[in-house]
Amino acid sequence: MRHLLSLTVFSLSSLVAAQALSAQTPATPAYKGVQGVYTAKDFHFGTGETIPELNLHYLTLGSPHRNSAGLVDNAVLLLHGTGGDEHTLFAPQFSTVLFGPGQPLDITKYFLIFPDDIGQGGSSKPSDGLHMRFPHYDYDDMVRSQHQMLLEGLHVDHLRLILGTSMGCMQSFVWGETYPDFMDALMPLACNAVALAGRNRMTRYMAIENIERDPNWKEGEYTSEPVEGLRSANEMLLIMGSAPLQMQKLYPTRVAAEGYVDKYLDRTVASTDANNMIYYVDASRNYDPSANLKKIKVPVMWINSADDFINPPELGIAQKQVQEMPHAKFVLIPISDVTRGHGTHTAAAIWKDYLVELLAESEPKH
């Protein structure tokens with residue numbers, strides 16, 4: 001798979017299952033998983049800050065298999081996006097396409113691990129009490145904490161695969177450079193391997209500014225959420241993550257479009273803590289794996305979609321960078337009736353055949 005670049009045109013007949021994906025309401029998870037918490041003592045962040053106890057929540061599906069040397073050989077790490085948690089990847093359009101009998105990540109064959117990143121889900125975060133005094137983590141801290149959790153909490157010292165969506169996509173590149181021998185393969189979905197600048201960073205900066213300029217934010221010491229700031233921040237992120245074809249199809253009238261925005265913002269603002277949002281949106285500030293992509297030596301299947309407003313294909317970044325990794329393939333999914341903009345990363349029916357290809361190519365030779 002050396003230096004391959006694929007601009008593949010998909011047959012709609014292979015994407016029927018993706019039709020069920022809807023932007024209207026959150027889907028009910030098809031799997032529940034086994035919960036766990038790993039506590040890292042005296043965790044040191046890249047800023048020099050420390051925390052006495054860093055709690056990392058995770059879920060698992062399936063069972064670890066140990067080889068003749070007693071080492072787990074079937075673990076897969078699945079990484080969620082910004083502001084998400086492990087349940088993001090339990091949504092039916094993802095889990096029912098990948099985790100069932102005979103499917104690419106069949107849980108009778110693989111041990112699937114879904115961590116909540118620092119600052120999100122059930123893991124330690126600013127809203128636990130430290131507010132803006134919480135250590136200012138970044139993606140390097142997240143990956144290092146995941147690595148520690150795997151080794152010390154789950155006793156997993158090697159991964160069959162790392163699959164990451166959005167923020168998790170970016171973390172997969174950090175993983176590949178920082179721990180190049182820890183996994184057999186990487187599948188980054190919906191990101192670029194370059195510092196966040198241009199419109200991407202502008203949007204994140206404006207979202208943070210909207211919150212911090214709300215008088216009710218009070219330097220992070222609010223007693224009730226700064227609703228106006230949160231609403232403005234989420235308005236911007238709604239547009240960034242949207243897909244024009246789907247939005248026009250689902251909300252074809254003024255009343256429908258405005259009604260969706262109101263419902264979306266009411267739901268999102270009610271479930272978002274402002275300080276948490278500032279932290280996880282800003283966690284990408286130091287991300288830039290571009291200089292060390294050559295360190296990634298395992299097979300990589302990198303997938304973006306042409307209607308991704310966050311990672312627009314016209315920048316040509318991925319098409320160039322894929323050539324810097326010795327065993328990488330980049331696939332750009334063209335816009336169609338089944339793509340979902342940035343959210344195509346969880347519409348697994350669209351790209352599952354590429355996952356099958358990656359697993360076959362990276363199968364360990366015994």
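Cβ coordinates are placed from backbone N, Cα and C, and glycine is handled just like the others.
Among the features that TrEMBL reports, signal peptide is placed at 1-22.
Annotated domain 'AB hydrolase-1' per TrEMBL: 74-332, in sequence order.
The active site, nucleophile annotation in TrEMBL covers Ser166. Around the Cβ of Ser166 (active site, nucleophile), the number of neighbouring Cβ atoms within 10 Å comes to 26.
Asp308 (active site) is surrounded by 26 other CB atoms, counting those within 10 A of its CB over all protein chains shown. Residues or ranges marked as active site by TrEMBL: Asp308 (among others).
In sequence order, Ser166, Ala190, Met240, Gly241, Ser242, Ala243, Ser305, Asp308, Phe309, Ile310, Asn311 are the residues near His342 (active site), counting only same-chain partners six or more apart with C-beta under 8 A. In the three-state DSSP scheme, His342 (active site) falls into the helix class. Residues or ranges marked as active site in TrEMBL: His342 (among others).
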